[in-house]
Amino acid sequence: MAISKLIPTLVLFVLFSFDVSVAHPGLGFGWGSNSPIGGSFYSNLYPQFYQFSCPQADEIVMTVLEKAIAKEPRMAASLLRLHFHDCFVQGCDASILLDDSATIRSEKNAGPNKNSVRGFQVIDEIKAKLEQACPQTVSCADILALAARGSTILSGGPSWELPLGRRDSRTASLNGANTNIPAPNSTIQNLLTMFQRKGLNEEDLVSLSGGHTIGVARCTTFKQRLYNQNGNNQPDETLERSYYYGLRSICPPTGGDNNISPLDLASPARFDNTYFKLLLWGKGLLTSDEVLLTGNVGKTGALVKAYAEDERLFFQQFAKSMVNMGNIQPLTGFNGEIRKSCHVIN
């Protein structure tokens, strides 16, 4: 009798004990439904995460990006940078998108981000369209990763197979944003240390710095190089002379801190390897660019020369390094949430 009573219970247990990776993507879980064989969605990101739960996700992202970048080519670099600044602070969790609230001190107000990071309205537009198509399925963290890849492609750069499945944080770290994002005047050792803390190596540092092949920087980030690089009221002697005088016309000794200069003066809206060629010619804009060549630590200088000579090599490593960066401490499984709106927690 006891056994016969137990049988229905066992049947129900078997019927409902299926792999949660095929669960419905709604209810804020954002689950995909095509987990790799032998893998687990708790610990792994994988490119097919939205194959069944939101197959049109990338198409939606690219449609918004095409319009935004056509309207303002600089936006591509802004979105690439937004992903970088997110991942270096408590992982790739979209914490950078959160606004101030009763419980959140926004990373947007940190020194490296304030009046600097941008592209939030593009992310919001992508999120709104994804919410219409696939409610509470695609995370803001994944939107940042998809937007970074799409921006690179639309600027003429490489594509890569992008692991997905990140979830969104319920917290932000203002202090982390102030201490974990490399400064534009960083030494080569500072850069290497900060990247190593995130599990990234020299190849990652140099290739990801190559993202500066697009975009601009404000005068305040490079003024020191022009007027007082070593505390002696003298310019950085590594600057090529004509480039130096051109920068002085953009960035006077006093005022003009928000004036901008392209990071790659030759092809500022095209993703190519010209950035590395310019470094060899003394035309890198930021100290953190120039020290990749002149820092005399490890093999960064050799990598600069290699990427300057071989654009394909740079593209291949950049793609690998973007995946590496995108894998920094993602929230997966039941950690975090899928935000309905990227700038507030649910």
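Cβ from N, Cα, C; glycine included.
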Of the residues ASN185, ASN259, the one that Swiss-Prot lists under N-linked glycosylation site: ASN185
Which of THR193, THR213, THR220, THR332 belongs with ASP264, SER267, ASP272 in the Ca(2+) 2 site listed by Swiss-Prot: THR213
Secondary structure at CYS140 (disulfide bond), reduced by DSSP to three states: helix
Recorded positions clustered about CYS92 (disulfide bond) [Cα within 10 Å; pool: HIS85, ASP86, HIS212]: HIS85, ASP86
Distance, CYS134 (disulfide bond) to SER95 (Ca(2+) 1 binding site) (CA atoms, angstrom): 22
Among ARG81, ASP93, CYS219, which are recorded as recorded positions, the nearest neighbour of HIS212 (heme b binding site) by Cα: ARG81
Nearest recorded site to CYS342 (disulfide bond) by CA-CA distance, among recorded positions HIS85, ASP86, VAL89, GLY91: ASP86
